[in-house]
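S.K.: Quick one: structure below, then a few questions.
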Amino acid sequence: MRKIIHVDMDCFFAAVEMRDNPALRDIPIAIGGSRERRGVISTANYPARQFGVRSAMPTAMALKLCPHLTLLPGRFDAYKEASRHVRDIFSRYTSLIEPLSLDEAWLDVTDSPHCYGSATLIAREIRQTIFNELQLTASAGVAPVKFLAKIASDLNKPNGQYVITPADVPDFLKTLPLAKIPGVGKVSAAKLENMGLRTCGDIQQCDLAMLLKRFGKFGRVLWERSQGIDERDVNSERLRKSVGVERTLAEDIHEWSDCEAIIEHLYPELERRLAIVKPDLLIARQGVKLKFNDFQQTTQEHVWPQLNKEDLITTARKTWDERRGERGVRLVGLHVTLLDPQLERQLVLGL
């Protein structure tokens, strides 16, 4: 049985700002783009969250909820340096590390000799070391599979951890809301609940063939996760191949103008995320994703040398007109595919 830890830094960007400027600690702050540029919030500290400010929220909405919010543009060099330090701490315990972003990662400590081989003690020691060396807090989840470790890391935030032992898995899953499974958004959860499916226990009673017919590949994922099945390894070789941002909508949209407005809100966040890993914004391809209210989705992309909003809007309009039909749209996403490092090196050498 594997021992997987998911470590998630608490309000990471905001926490770095509060550490470096103690005057920010007790006031609502958020990192994000300006209201004038239709920016979105990257993260907010806990005082801001008490007003309802959340990640991926349009800045204009955040300022309506919290007019005295202190908005910071972000210092991504500082965040990347803190992230590198955290990764160094991880590497003291295992070489099997799979980063999801600057502020979270999976660790496989199945064969780690540290802390008598106890994943619970390793997670606790990692969190304490992060605090001692960076004055930042982290939360952790411990479980036998990746998706449960990720869910567990969110159950005792901030600065805590939650352990799901192999013996705990059946009872934990029985009452686990489907909305907690990564990839199941609010709209999906609502549609499932309309079918009488609210928990993993409900899915356990379903026929897999029915789920496949109703939801396609998504149905298989639901069934497997509800059984506690997640065969994905912690992939330490993983290289980031793409950057994306998407929004699951509270209500389906049927008008192109609504879709275009969402793209306008999403684009600054895509630009910000890409700048962290590719400051020159050079890419291989860019594209859009639309997910419809029948759970089908479509992706359209093409070769493009640099991030470009107008091209994304044109691509989205073409996709909207040609593939939507009469269906409502429940998710809009933007993404870019990064240049292969070897190809990029060849291009640079050739200049």
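Cβ atoms are placed via backbone N, Cα and C, with glycine included.
So Swiss-Prot has the following annotated:
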type	residues	note
DOMAIN	4-185	domain 'UmuC'
BINDING	Asp8, Asp103	Mg(2+) binding site
SITE	Phe13	site 'Substrate discrimination'
ACT_SITE	Glu104	active site
S.K.: Counting Cβ atoms within 10 Å across all protein chains shown, which of the recorded positions Asp8, Asp103, Glu104 comes out on top?
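M.R.: Buried the deepest by this measure is Asp103.
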S.K.: At the level of the C-alpha atoms, what whole-angstrom distance separates Glu104 (active site) and Phe13 (site 'Substrate discrimination')?
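M.R.: Roughly 12 Å, rounded to the nearest whole number.
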S.K.: Near Phe13 (site 'Substrate discrimination'), which residues of its chain come within a Cβ-Cβ distance under 8 Å, counting only those 6 or more away in sequence?
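M.R.: Spatial neighbours, sequence-distant, of Phe13 (site 'Substrate discrimination'): Ile31, Ser42, Thr43, Gly74, Tyr79, Asp103.
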S.K.: Just to confirm my parser: what is the rounded mean pLDDT across the domain 'UmuC' (4-185)?
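M.R.: Residues in the domain 'UmuC' (4-185) carry a mean pLDDT of 94 in this prediction.
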S.K.: With H, G and I counted as helix, E and B as strand and the rest as coil, say where DSSP puts Phe13 (site 'Substrate discrimination').
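M.R.: DSSP assigns Phe13 (site 'Substrate discrimination') to helix.
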